[in-house]
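*Asks:* Starting off with a structure, shown below.
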Ligand code: HEM
């Protein structure tokens, strides 16, 4: 019989007394101590980890979106597109994750739901920051964060900057000048669909060869919104499966609110133009 494998004979480092280990590098003690359950029900751990991992992926999405916006402003469209492609993959990852949560039945969830109090993903400041960054800027969504001035400040700093779509429109305006009301509206307001913007994007889709970079950027944005919409749809479907039409812990109508959010368009003209082609 062969001897059991000894990795130290193969050069594997075994002594981490004065060296940075895997756990040190990743702050695993902190990370793995953050799953505080409030009940002794079996499925609460799944519920917590599903939310925490989603928040971690959202953190990366924000990191990428913010860098993509800077690259676009600096005229580095190719780098920006690589980052936007990554954000779409992040949402694809988050979409697959619903399959794990869907194994939680209504009876599993009701066993600990009361312990959540009024807490809800509705108060996820990172989700709101992603929406603000992409261009869906509803300032009424700042209110649930009023008890945390640091978070309000973070979200307001985001609102003071042009959204990703605004920056894409800046790039578009270099090829097709756009009206003042589109280019110079207050950054804290959501862009409203505009005929001149749609006409400009339509030109690009009619002749992609001539405007390849803008065409590629437009498709990257559509891709991103496509995956984002799937996330919303998967969320509302999971919610209906688990709580039916009960009100949300956050106080909204629940499924009725989430269905309403399905109609939100982030990059409206990029969808509307398709009917004209
Ligand atoms: C069984 C699991 C889940 C249920 C029953 C549920 C339920 C709900 C409900 C009812 C709302 C509407 C707000 C309210 O509470 O009144 C909501 C919003 C939200 N939830 Fe969930 N949720 C679940 C899982 C998740 C997960 C895993 C995430 C990941 C972070 C998440 C993130 C969000 C976000 C970001 C919102 C705000 C959406 C918006 O304002 O458009 N939820 N959820």
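Each Cβ is built from the backbone N, Cα and C atoms, and glycine gets one as well.
Bear in mind that the values here come from a model prediction, so they are computed numbers and not experimental data.
So TrEMBL lists these for the protein:
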BINDING   47, 48, 49, 50, 51, 109, 113, 249  substrate binding site
BINDING   235  heme binding site
*Asks:* Among the binding-site residues 50, 51, 113, 249, which have a Cβ atom lying under 6 Å from any atom of ligand 1?
*Replies:* 50, 51, 249
*Asks:* Rounded to the nearest angstrom, how far is the Cα of the residue listed as 'heme binding site' from the Cα of residue 51 (substrate binding site)?
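*Replies:* For residue 51 (substrate binding site) versus the residue listed as 'heme binding site', the Cα atoms are 12 Å apart.
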*Asks:* Rounded to a whole number, how many Å is the Cα of residue 249 (substrate binding site) away from the Cα of residue 235 (heme binding site)?
*Replies:* 15
*Asks:* Sort residue 249 (substrate binding site) into helix, strand or coil using the DSSP assignment.
*Replies:* coil
*Asks:* Over all pairs within 47, 48, 49, 50, 51, 109, 113, 249, the annotated substrate binders, what is the largest Cα to Cα distance, rounded to whole Å?
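*Replies:* Farthest-apart Cα atoms in 47, 48, 49, 50, 51, 109, 113, 249 are separated by 18 Å.
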*Asks:* Could you measure between residue 113 (substrate binding site) and residue 235 (heme binding site) for me? Cα positions, answer in whole angstrom.
*Replies:* 17
